[in-house]
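K.L.:
A single structure is presented below for examination.
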Amino acid sequence: MDVTILQMFNGLSVSSILLLIALGLAITFGLMNVINMAHGELIMIGAYATYVTQTLFKDLFPEAMFGWYFVAAIPVSFMAAFLLGLLLEFSLIRFLYGRPLDSLLATWGVALVLQQLARTVFGAPNVAVTSPEWLNGGLTVMDGLVFPYKRIFIIGLVAATLFVMYLYIYRSHAGRRMRAVMQNRDMAACLGVSTRRVDALTFAIGSGIAGIAGCALTLMGPIGPSLGTYYIVDAFMVVVLGGVGKLIGTVIGAVGIGMTNTLFEYWTTASLGKVLVFLCIVAFLQWKPKGLVAMRTRSLDS
Amino acid sequence: MELQMRTMTPQRILVLIGYAAAAVALFCAPLYLSDFRLNLLAKFLAFAIVALGLDLIWGYTGILSLGHGVFFGLGAYAMAMYLKLEASGGKLPDFMNWSGLTSLPWFWKPFGSFGFAVAAGLLLPALLALVLGFFTFRNRIRGVYFTILTQALVIITTTLFIGQQAFTGGTNGVTGFGTLFGQSLGKAETKQILYFVTVIALFAAFVLCRYIVGSRFGRVMRAIRDGENRARFIGYNPAVYQMLVFCVSAALAGLAGMLFVLHVGIISPSMMGIVPSIEMVLWVAIGGRGTLIGAALGAILMNAAKSTFSESYPELWTMFLGLLFVIVVVFLPKGLAGLFPQIKLRKRRGMEHEGEGVHYSAL
């Protein structure tokens with residue numbers, strides 16, 4: 001019983017990280033029909049931004065301040081990935097609108113370059129980020145059942161990000177413009193929405209969220225140049241499963257994959273668990289080929 | 001044959017001369033290449049077979065598969081299992097001993113026969129492709145969704161192969177072969193014969209692809225690529241065509257994998273992972289998708305460049321590879337092979353001073 005609850009908790013924490021990563025992917029794919037394989041590297045940038053913040057705090061500030069570096073690291077890693085995303089959109093992605101397969105290949109090239117850059121700057125071996133003192137230890141729920149604070153913190157961070165994203169997408173002017181472009185780009189453009197600006201901003205925000213995900217990942221273990229590649233395919237599966245265009249689809253997709261992954265890996269072995277999850281996803285797509293929540297459209301070749 | 005019925009324009013003759021020259025150059029390669037270089041070339045030619053198959057599905061049918069590493073790997077493992085059993089000579093292969101197995105697993109047993117191993121190396125990838133294709137194309141899961149699913153297939157296959165160490169050799173893969181039909185694999189003569197086998201296989205694959213592309217079937221393939229729904233409305237069932245092409249493509253990758261093992265002497269999960277799979281796509285992209293010769297040449301050229309540069313400058317090579325990917329996809333969607341017709345067209349258009357007319361867009 002204890003173990004099952006712990007596994008469920010772990011599954012929830014895996015899901016929350018997946019959700020953070022997949023959120024940006026789903027939005028950019030739904031909005032611009034662009035698949036960003038360099039998304040994993042934006043996670044890595046976020047993680048390294050956290051690492052740099054930590055090092056700066058260690059060198060520049062008194063020791064008592066060190067515990068608070070993580071609070072500063074979250075906006076720093078968001079901004080780092082946000083700016084890189086903006087640059088990426090401006091220099092490359094905008095040439096690839098409406099060519100999803102080509103965008104996938106081109107951004108994979110970008111991913112290779114970014115990984116190599118990180119290897120040159122920070123070195124190939126993984127670096128460890130010291131978690132702040134206040135995140136060590138855990139919450140004892142029952143005898144022999146401890147929820148680590150780090151994972152609770154990550155789940156909280158994801159919930160907060162999700163809430164902010166919800167407000168942005170469904171309760172703000174910018175979000176309304178974004179949804180309009182997503183539903184009908186031409187019509188939105190006719191009505192005076194600057195689709196170019198919406199695209200750039202949305203892509204950058206998606207990248208920034210990936211940066212936050214990278215920041216969260218530093219709590220889970222050491223980070224390295226190829227950090228993003230471990231998560232990127234799972235995150236894409238979330239998009240495939242959840243469908244594009246609605247926040248709720250991504251949430252359900254992430255929780256579904258994170259939970260089943262953890263549980264299957266617990267019941268069988270790590271490698272067999274992955275196979276089973278894959279089979280489940282393919283089986284699910286037999287029922288809903290466009291994912292759980294699909295945008296309604298009347299166009300045939302969308 | 002249809003080929004002879006066509007009129008012989010000067011261009012056609014030039015192309016045929018080109019093929020003949022390539023054939024002569026490949027068959028005479030043992031005369032002017034050292035054993036080491038010949039072995040490398042043989043490996044590149046095996047990769048060219050994968051590129052041909054990938055071009056069929058991507059360049060001609062418009063479906064991007066990032067899972068060809070798996071099909072390549074399945075073929076390679078089938079051959080490796082046969083070679084391993086021959087090398088162990090009736091005893092248990094060494095890595096099984098280390099993993100604590102006492103008897104040969106049942107699915108290893110038939111791989112003692114060469115015929116079965118070759119058949120499995122071709123049919124297993126095709127079967128896997130058929131199953132995956134059946135559950136995706138039939139439901140009109142295509143485009144990026146399909147691509148992502150193939151990539152997930154790569155991940156789970158590699159984790160599975162690494163995880164089941166007792167049966168697959170784990171991370172180390174299967175290696176330590178000795179002989180093929182009693183002939184040592186390390187001997188120069190054996191290597192030469194294997195080289196010729198590869199050249200013949202490449203030509204056979206090329207002719208097969210050529211035939212498929214030129215046939216009525218090939219025309220439907222291109223119709224599906226350019227407008228799947230239109231093809232459907234005319235009365236073709238795209239799913240059947242997509243499944244069949246995917247199968248052929250996978251079988252070609254399996255064939256290449258078998259030859260690869262014979263030349264290189266090892267197969268491990270890292271050779272069928274995400275990065276090799278995507279590199280295969282890059283060969284086709286650079287050579288030129290939608291032209292068979294471009295895909296094959298792309299594979300050979302890219303691998304030659306890789307083995308020249310990556311040993312001395314591994315870091316620069318990764319950078320270069322990434323940049324190349326971006327540049328080719330954005331600026332040269334038809335690859336190097338696309339450069340030639342483009343130049344020719346531009347010349348012709350320039351001569352006729354026609355600004356408008358047919359749009360030769362790169363898309």
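Placement of Cβ uses the backbone N, Cα and C atoms for every residue, glycine included.
Pasting the feature list from TrEMBL:
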TRANSMEM  A:12-35  transmembrane segment
TRANSMEM  A:66-88  transmembrane segment
TRANSMEM  A:100-118  transmembrane segment
TRANSMEM  A:152-170  transmembrane segment
TRANSMEM  A:201-223  transmembrane segment
TRANSMEM  A:235-259  transmembrane segment
TRANSMEM  A:266-287  transmembrane segment
K.L.:
Who are the chain neighbours of the transmembrane segment (A:266-287) in space, where the CB to CB distance is under 8 Å and they lie at least 6 residues beyond its ends?
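P.N.:
Hits for the transmembrane segment (A:266-287): 3, 7, 237, 240-241, 257, 260.
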K.L.:
Based on Cβ pairs under 8 Å, which of the stretches A:12-35, A:66-88, A:100-118 lies most in contact with the transmembrane segment (A:201-223)?
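P.N.:
If we count Cβ pairs closer than 8 Å to the transmembrane segment (A:201-223), A:66-88 scores highest.
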K.L.:
Same-chain Cβ contacts of the transmembrane segment (A:66-88) under 8 Å, 6 or more residues past its ends?
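P.N.:
Answer is 38, 42-43, 45-47, 49-50, 52-54, 56-58, 107, 110, 131-135, 157, 200, 203-212, 214-215, 218.
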